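Participant: Quick one: this structure, given as structure tokens, is what I'll be asking you about.
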Amino acid sequence: MSALRRKFGDDYQVVTTSSSGSGLQPQGPGQGPQQQLVPKKKRQRFVDKNGRCNVQHGNLGSETSRYLSDLFTTLVDLKWRWNLFIFILTYTVAWLFMASMWWVIAYTRGDLNKAHVGNYTPCVANVYNFPSAFLFFIETEATIGYGYRYITDKCPEGIILFLFQSILGSIVDAFLIGCMFIKMSQPKKRAETLMFSEHAVISMRDGKLTLMFRVGNLRNSHMVSAQIRCKLLKSRQTPEGEFLPLDQLELDVGFSTGADQLFLVSPLTICHVIDAKSPFYDLSQRSMQTEQFEVVVILEGIVETT
């Protein structure tokens, strides 16, 4: 069996190994019966291996307004390329807008034509075109203060605009930097070092038929208050005739005994006893291979370092 998988890959499985029947391939001289291989059917998963749910919402009504009403969470949930694009675009538009406001004040006061007059006091010293207005805004917003361009006390509208600039800059910084910080601190990358066994097995343990899989933490930082849960997603029909396409059933992995609270310092084997209360109790080995169901494992905890 292992030799066949090395030769043909894991996308094929053995369906018959008997020497009789019409499903065998032709045999050469001195060769035994060859196994017929058929490709496995790849079924659509409800939850991918990386934790992404393959669910699309539709016919909700005013869906866009619902996302915009919680704009901060919407930005956090976006992909990184869209986050960076919005980050750069927002700062660029805000900078150009505020630089334009300083240029408009200088233009309306006539500072652009009188900037080099010796006895004239402008609103902002040494601002005589749009690039110089933009540089003044960047210097004040970034608190650089070269001392060459500065606001004077002869310009009340400039003082008001300067206060507005400070408030607007603080709001934009708090919103965008907070969004980027939460985006970077999300546990998706931390989950890459939480390893689950590739396959789950069913065998006897302590005299009981048990579904088992393993989970391990690759990092030295521990998972505090780690808890594991298992959900069985399976379609079923109620006695009243109602069809439930994605009915969720809880698989007991030690809730009653406290075994679901993990001390994840070494790889652990998670066990679900197939007893009369288990959803797998009425399934045989053959029916389990043909049934349409999915087991979703949820591991939650707190990283001690963050």
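These residue numbers are counts, starting from 1, taken along the chain as shown.
Every residue gets a Cβ built from N, Cα and C, even glycine.
Pulled these features from TrEMBL for this protein:
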COMPBIAS  18-37  compositional bias 'Low complexity'
DOMAIN    47-187  domain 'Potassium channel inwardly rectifying transmembrane'
DOMAIN    194-306  domain 'Inward rectifier potassium channel C-terminal'
REGION    1-40  region 'Disordered'
TRANSMEM  84-105  transmembrane segment
TRANSMEM  159-182  transmembrane segment
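Give me the local environment of each listed feature.
Facilitator: The residues of the domain 'Potassium channel inwardly rectifying transmembrane' (47-187), classed with DSSP into helix (H, G, I), strand (E, B) and coil, number 89 helix, 4 strand, 48 coil.
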Participant: In the domain 'Inward rectifier potassium channel C-terminal' (194-306), how many residues does DSSP assign to helix, to strand and to coil?
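Facilitator: Helix/strand/coil tally for the domain 'Inward rectifier potassium channel C-terminal' (194-306): 6 helix, 61 strand, 46 coil.
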